[in-house]
Every structure is written in C-alpha cells, then in structure tokens.
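Here is what TrEMBL records for this protein:
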type     : residues  : note
DOMAIN   : 64-125    : domain 'Peroxin/Ferlin'
DOMAIN   : 137-170   : domain 'Peroxin/Ferlin'
REGION   : 381-475   : region 'Disordered'
COMPBIAS : 424-436   : compositional bias 'Basic and acidic residues'
COMPBIAS : 445-457   : compositional bias 'Basic and acidic residues'
COMPBIAS : 461-475   : compositional bias 'Polar residues'
DOMAIN   : 600-710   : domain 'PH'
DOMAIN   : 807-868   : domain 'Peroxin/Ferlin'
DOMAIN   : 879-912   : domain 'Peroxin/Ferlin'
REGION   : 1144-1170 : region 'Disordered'
COMPBIAS : 1145-1163 : compositional bias 'Polar residues'
Amino acid sequence: MPSSLLWAVDVYGRVYSLSTAGQQWEHCRDAHLEFKRVTAVQQCCWSIACDHNIYLYVHASEVPIRYQEETYENQRWNPVDGFSDRLLPSDRWQWSDITGLKHQPLGDFQLPSENWEWEADWYIDENFGGEPTEKGGWTYAIDFPATYTKDKKWNSCVRRRRWIRYRRYKAQDTWVKIPSEQTESLPDPFNDITCGGWEITEEPRGCLALWAVSLQGKVRTQFVPDHFYCTFEQVWFRCDINHHNPEGSVWEEVPVPGEVVQISCGPGDLVWAVLWEGHLLVWFRRGVNSHNPCGSGWIGMVGEMVMINVGLSDQVWAIGFEDRAVYFRQGVTASELSGKAWKVVSVPRDSERSHSSASASSLQSAGCFFGGEVRLQSQASMLSDADAETERAGGEVVPTPEIGDAPKPRIPKVTSDSFISELVSDREGQISRRDVPPAGPSIPEEDHPEKELEDRASPAQVLSPSQSGGVDPQWSNVDLEEAQTHLTSGPGGDAAETSSLSSVATYNLALEEPYGLDEPPKWAWVSGGGCLVECHTQLNWFNSSTSTALNSSMQAMSLSITPAQTAAWRKQIFEQLSERSKREMENFMHYEQAIEQSVWVKKGTMQWWRDWKPHKWVDVQFALEQFSGVEGNKDGILFIYYTFNDEKKYLHMFINEVTILVPVLNDSKHTFAIYTAERTKQRWPMRLAAATELEMHDWLALLSVSCCDSRGIQGPPSKQAIWSVTCKGDIFVSEPTKELEASPYPTPCAQMFWRQVGGHLRIIESNSLGVVWGIGYDHTAWVHTGGYGGGFFQGLASSTDNIYTQTDVKSVYIYENQRWNPVTGYTNRGLPTDRYMWSNASGLKECTKNNTKPPSPNWTWVSDWTIDYAVPGGTDREGWQYAADFPASYHGNKTLKDFVRRRRWARKCKLTTTGPWQEVPPIPLSDITILPCGPKSTVEQVSLWAISNKGDILCRLGVTSLTPGSSSNYGSSWLHVGTDQPFKSISIGAVHQVWAIAKDGSAFYRGSVSAQNPAGDCWYHIPSPTGQKLKQVSVGRTSVYTVDENGNLWYRHGVTPSYPQGSSWEHISNNVRKVSVGPLDQVWVIADKVQGSHSLSCGTVCRRLGVLPMEPKGHSWDYGIGGGWDHITVRGNAMEAPRIVMPSLTDNQTATRPLQTSNQPEMNGNPVGC
C-alpha cells in the first residue's frame, strides 16, 4: 500500500504532515502563513489561513496535468479562389469549435491563470479517426455540418482541420491562494472548510466537492474537477466551472436552518453540518447508510475530544481534550464502525524548526498553484478575528511585552479564538490582548459514561421549500437527546458572533520556539481525508520514543564489532561445524545405507461433476495416495470412488499427469477443476466441489504441493517462466523447457504444467532477467518480490518472506433495459421476446441489484450501486444509451429510430489477499511492457514503459535486474513521454522498438529509442489495417503483431533495422483476444471459440507453430490450457531449443562424426546483445 499523509495544524498555525511510512511530523516549509483549518484528500489539501483566505496544496506527480485546447479552421470552395476562408454569411465562423457555433480564433485562447503554461505552439492534427490524413490535416464534406472524410471528392465543397495546443499545470507542491477574482469579493471571511465528493452518485469521475462556512455561519459550496484525473469535464450543477477554470469561480450560497459552526463532506452524497447551540460533544451516529442517511441513533463515546475527523476507510482522527494530542480510533472496521479505543499518535516533529515572522516584510510569497501570491497586510497576525478586523481598519500594531515566566496554561474545552489567544498569552507572555467577550458557553469538566441514545419520537425538522430555496436539497435536523446526567452550559449567552463561530485561530509568537525542549506539540486541527489506513496497515506512530531509544542502543552496541570481525567469526564457526560433521560420519561409513519408502493417504468427501449424460453432481469419496520412491522422488495417485447402478466404481489419475489445478467460479459451490494433457485437448476437466471454501483451499494447496514434488519443482518461478492470468484474476506460472519451442517437433502446449501463485492481477509482464510487473483491476501496479505462494498456500507451499498483503478493487456491472411505447414512453415493460429488464451485458441472464453478488465470497462490497457514465459509445446526462433494438450498436444521443435504451450500473467490491507482490505507487496504470532480453544478456537498466489509466505514456527509470525481486526491480521514477492523444496499449521489442495503440485504434511507432535515449524523440503514425481499429500490440525480436477490436490478428510486414515502421499488414487469424510475442519471436495468443470435445471454449492459451527466422508468421496453432484465460506473457522465455547440426559433405573429418546439438543463437538471434 502506498504511503499517504495525515495533515494537522498546531495551535500556532503551523501545518505538519505525517506519512504512514514515517515516524515524525514534517513541517510544511512552504507555508509562510498561519493556518486555522486543513481538509485533505489523497491528491491535494485545502486550508484556511488566518487571513481567512482559502489556499490549496497539490501533491506533485510524475504525470503532468495537461489539457488539450482545440479549434477548427473552416474553409469553403469557390470557383475563383478554390478553398479559401471566404465563407457564406450562413456558414460557421472561420475559426470555431467542433459544432461551429462558437467563435474560437487562435488569438482568443488565454491561460486560465498564472499556474498554467503553454507546452508548445499551435499545430495541425493530421490524424482522423485513427488514420493519417494528407499533409495539411484537411477533412472534407459536402457542406457544414456533415460527415467528414479524409479523402477529397468531386462534391467536397467545404473542408476543415483541427488545430491543437496543450497547456500544462505548473504549480505543485506549494500552497496557493485562490485568486479573489475567481472567488468573487465575499463580504464574510471563511471559517471552516471540507473537501470530498469524489464518489458522488450519478456524477462523472474526477470531481471534488468543496464546502466552506463563513464567519456569519453561511455555507458556501464549490465543485472543482480533481486535477489528478485530468478529465476537465463540466460538473453537474455548476455551469461556471469548466475545463479552463479548475479552481472554480463562483460560490453558491446554500440555505441552512441556523448558524453553522462546522461542516463535513464525505466521499459520497452525504454532507453533515453542526449548528452552534452551546455544546460541542463527540458522539457516534449509528445506522447511517444510503437508504437512511440520517442514521438511527447516537452512541456516546469514551474520551473527551475537541474535534473529530473521519478519513478514508472510515478511520477516525481526533484532537485530545486535555493534552491537545492527535488521537487515532483503533479497531474501526466495516463491521464495527465505532472502533474500540483511542490511541495517541506519539511521534516527534522534524528536528529543524520553522519560524515565521509577525511582520509582513519578513514573509515571502507562498508560491501559487492556481495563481495569485500570498500577500500579508502590515500588521501582526497574533490577534483574534475580531481584533484582526479592527487592526486592519486602524493600521495599528500592538506592542509586544518582554517575555516572563509563564505558568502552566489552562487548556480550554471549547476551541475558540479567544481561548487560544488566552492559552498563548498565558504561556509566553508575549501578546497584549484586548478584552474580548466570551467565545461561547464552556462545558464543565466532568466524565461522561458511554451511553446509547435514541432519537426523539418527534419527526425530524425539515426546511420548507420556501426556506430551502424551492427545489434545492434540504437540510434535515438530526436530534441529539440529552443524557440523564444533564450537561449544563456556562455563562456566555451574549458571545460575540464572529468569535463563537470560529473554532480555532492560530497565533504567531515572534521568533522564539513556542514549545519546550521535550514538550509535545499542541494541535488545533487534523484532517485524515488523504490518509489511507487499512485494518492490516502497520503504523509506526505509537510509542515511537521507546522504539527509537531501543534502536539507538542496538546501533551503539553494533558499532563495537567491525564487518571484518563478523566475517572471520562466521568462517571459524563454519569450519568447526564441517570438521565435526566429517568426524561423526566416518564412524558410520561401514553401515549399509538404509532405504526408506513411505506411503500416506488423505481422504475426504466431495461432489464430482459426472462426465457422461445426464451431467449432474454426484457424491463421491476422494482420496490422495502419495508415496516416496527409492531415490527420494515423490509421486501419487488420485482416486474418486462413486456408485453407478448400485455398483461401486472408481476413477484414478496419476499426480505426475496433472497439468493444472484451477479454482472455478461458481455461485453455489466451492469448485475446482483438474486438468491432464488429454483433458486439456478435450476442454473437459475433472470438476470437484468441496463442502466449504476452506476445505477447497486445503485440497488445492495439498494437490499443488504434490504435483510440484512429483515434477521436482520447488521455490520461486524462474526468470524464464511463462506467466498467465485467468478471467478471475488468478495467477499461474509455467516453467518452460528447451524443447518447448523446438522445431519441427516442439513439446505440445497441453503437456505444460502450471502452478498457481498467490495474488490477484489483471495483466502481467516479464522478461528473462527476472523483472516481473503486474497491474490489478484497480490499475494499481505491482512488482514481483521473488517469493512464491501466498493466498491459500501456507507452510511449505509458500515462502516465509517476500509475501505481502495485496488488495484489489473491481466493478461489477449490471444493465437496466427499457423499451419505448407510444403511451408511456420508455418503460421497463418489454416485449415477451426481449431481454430481462435487469440483466448482464448479453441480456441472457437476469441480474438485479438485489440478487447480484460479488464474484466470490472473498470479495466484499465497498460501495453502493451507481450509474456508470464511462461506457463505450457515450451516454446522455442520465447515463442512457440508445439503439434501434436489442441487441444492437448503442450510442449516447437519442434519435427518432431508437426504440430501446439501456444504462449500466456499477458497484465496487474489494479483495484482500496475500502474495509475492509489492505495490508500486502512486500512478495507476492500464498497460505495461518490459524490454525482452536474451538468455545471456546483461543490461545496466531495463527499459520499462507503461500507460496510465488516463492514457499518458510513461517510461520507468532506474529499473535493473541485479537481484530478482529486489528494490532494483522497482525503479526510481517515471518519465512522462508527450503524446497528442490518450493511448491504451504499448509494447517494446528486443532492440528498443516501441509501438503503441491510441484509444482511437491507430498505431504509432516511437523513433530513436535506445539505452542512451530511453524516451525517444517523436511518434510516427502507422496506418491501421483497412477498416479496423486496433486494441493491442506486442513486439518481439523482429516481429510486430497486433489485435483489432474484432478479434483479428495482424502481422506487420517489412520491419527491418533501417525501416522499423514496416510496410503493410497481413491477416493471420481471427477470434484472438490477446497476443504475446517473445524474445525469440515466438507467438502466443489467448483465443476464443476453440473447439473442444463438448463445446466451444473461450479464453484458450494457443501457440503459433512453425515460427522460424525465415517464416516469422508460422503456419498453424497448437492449443493449450483453457478456457477462462484472459492474459499470457512469454516475453521472459528466451530459452532457445537445441538445433541439430548436419554434417558437411565436403569435410571427410566432420562427415564421420555423429550428429551434434548446438545451443548457438540463430542468425538474427542477438542483434544488440540482449
């Protein structure tokens, strides 16, 4: 899990961050102002400074934030000038948007703020629909608007071309003031702020909801696009937020039922507000869910806190009542949201202290993320809010008295400005304050036992439409019943309004360090919205002082022993043990060696899917008999005892004949399949079902160990291993032999043995140097640690180290279908021949929200059902896609011929498992490729390219292969490679030839890529096969293969070192899902519709036969394991088969020699020593 940050503000306004991988608070050096509030998400952090302005801090990313500006140049043909900019009065503008309705000349494009910069000048887009256009980029049509083509025809009277220019976000890792010209001139400064809303129902991804409270208790809300997604799509209710203004421009006032003191926005649809009514207590609201957002009752929590913050994964953070320390609620899980106990975060601050001056002349600009500099007025920032307003009017500066002995401060129980001011003045004696009215009623210091309170019987108070502004969302009052022990409020009913509503103000104490030498900091605010802490996360935040002292003492003890002394000591012990072993063995040399042979049997009860008709589940007795031979080798036999026609019979299968054990996805049974070479050819495995999932995993682990023992396979996968992934995400690996690619008689694919490796991935790539990377369904990148086992493999079946916790998140989709009728319009009443109104993608299976379950019991739901707008073909504002009938081609805009429609609903589920994989944060990826190398190659750095989930192309720097699974396999950083459009597939060949497929289906080649220039220079557009859109590419030593969206496999002709782009495409096969080309140009695919003995099989591993240097296309297919496979990579298999050397007829000496085998590489086998 990648590290994330916990943000906090101390009582002196200084911002600190604490990493989940660290052990000390890091002071944010860039913050030259004092801050009152922080609210964080994983990508950024918002704050309110003591000048009541809002600031933004965005974490730097290796993937830049880019936005593509585009405009169209339009021309019309006339007999005199030909095509020119002389358009008809009824025509569109000469420079316009894609619709032609908006005037967009090149000179009118301006940067949204000072935080953007242009990457380059305007240039013409010469790509149209995935195919290159003629020079100039013109597309032609009969008239405006019409369907454009890249070919000019006799009736082409108009033409247009697209101009593109990219702008880049340049301000990161700095606090930036939101410019006043973009947030209007507000009469009231802000007092509270909260950020969330990245999972708002029926809203496109990439949006954040920012809510704020002014000092007069007014709530203002602003929705901003999330900069990391870079979608820049218009938000759902704010028309003035667009791609050019991600900071937002207008604050919209939201009616509230009273004076709001604090507001909190969750990741979804819930927004909670706290009204000022005299008490600030901590309670847990139970029963909150999507169906009952107000919850059902309150539970009083043990412990006194001055503020609470709920972060990611429902983890709770708080500020202590007495000590002002940061607390973490331990034991918060999905089943126990209230947690178990409070645990103080006890870590030191960083050694260097940051001091900020009270004078504006000593402050520098905080740096801008969105534009505008941090400018301070010429007065001290050590006053309360009311005093600050007066001070700004009069321009006076309060003198600072000399420092005297300060008594122990009294920690207030209400976090108001005046109390913090009193705390600071009592402690340091540096601030001369004016008399300020009490900030609000205080809470008596008394303990409150844990209690559970139900809501009053009276209905919740809801604002009337007139109060709430008509159709706007309404606020619901959530009552807090008083405890039996009544909490009295202190005097102070006439508190100043501005002071009572501001929770924490922060003050500067000149240049002296505000804390003592060993005194812990006192915190005013904490935000865990960007801190991801799972239930299994190990944090080093608790009792760190003890561990630090222990580590220091251990380090001091180790300094007395030098490495040379340690090596000599180990050598001496090893020699003594060797001599002792030799002496003891000599005493028993005359004894005859004993022969041990052991047999053991494990039995159980299972169900077996009968091979013959009628197929059904039959109760059977299942037994594994394993024995060890004379030479210590192990083998075994499987027995299945069943009854047929009152006659007891049995089936048997030798363990060394088993080729793979596969868990099978089944809604009602815990099923796994056993394949042999013969059953692989027939596509008909032996299927067994256990009573429980635990029993199935026990049998799978035992059988897997037995199969590996019988074949002599132990330890982690080799560098040459072939990796594959099933459609469920299970990972399998096979150890190739030299005869696997032998010609003309290779080892059949059906005889390959596959063993399972713990973890869960979507795709995986490797090379022959032991570098193995994978990508999960949630686009998280993982690197192989060099271990084996994990998951349900325990004990001897798994390595003791290099096993880590792995999580994966995927979406389950169902479709809502409707048909139009002239009476009611679109309705869920379809024809008798129609598909189910709630179904899967095919429409053949009924899938409703209630009966749809996660893929397996190991998965748990982590969200509710939401409309999915990211559907191929586009959707309308409500998520619907339209078509003429079921099934058909769907589109996002309704036409007169559309009589049916559908929309996709998505729900996320999460899997937690273990495996030899370690996460590579922080950029989510969609595709990855690693340089394929030869068996004896040695390269300093391994080229690794990837595509982010947003389509950006990245090059990984610092990846080496010194030790498989070591930190050298991770690399150091990502290098962004500029592109003109998003991509979806990428592959690098053995001589650094990089090919990529764009999202529009066009192919590109990256020029000048080498070990010295890993990112190359420029992209070359490669025409796609006629009428086809490509989706995946794989490059080997000299071969380039692609797969289009219709499942056709294509080979690129004419690829040579002098002309690496090739000349033309040749069709090889159809029904192909994925292709993988190895370092020896071997071709493996995942194929669909492969004929078996009973039916067609989808997702079958196949290998191309007859691939030779002079015949790179091969001639036929060899079918292996399947179906249900989704991905395979052979890019790590660089084992060349031994070749028979024919004797020379002209050499008498060699003619008499016997046939020899040679392991020398082929003619073009090693062009670059890799």
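Numbers run from 1 along the shown chain.
Placement of Cβ uses the backbone N, Cα and C atoms for every residue, glycine included.
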Six or more residues out from either end of the domain 'Peroxin/Ferlin' (137-170), which same-chain residues have a Cβ under 8 Å from its Cβ atoms? 64-77, 83, 91-92, 99-100, 106, 109, 111, 115-126, 128-129, 131, 227, 980
Non-local residues, at least 6 beyond the ends, that sit with Cβ under 8 Å of the domain 'Peroxin/Ferlin' (879-912): 202, 534, 536, 729, 760, 805-820, 826, 834-835, 842-843, 849, 852, 854-855, 858-869, 871, 873
Structural state census, the domain 'Peroxin/Ferlin' (137-170) (DSSP three-state): 0 helix, 16 strand, 18 coil
Using DSSP, what's the helix, strand and coil tally for the domain 'Peroxin/Ferlin' (807-868)? 0 helix, 26 strand, 36 coil
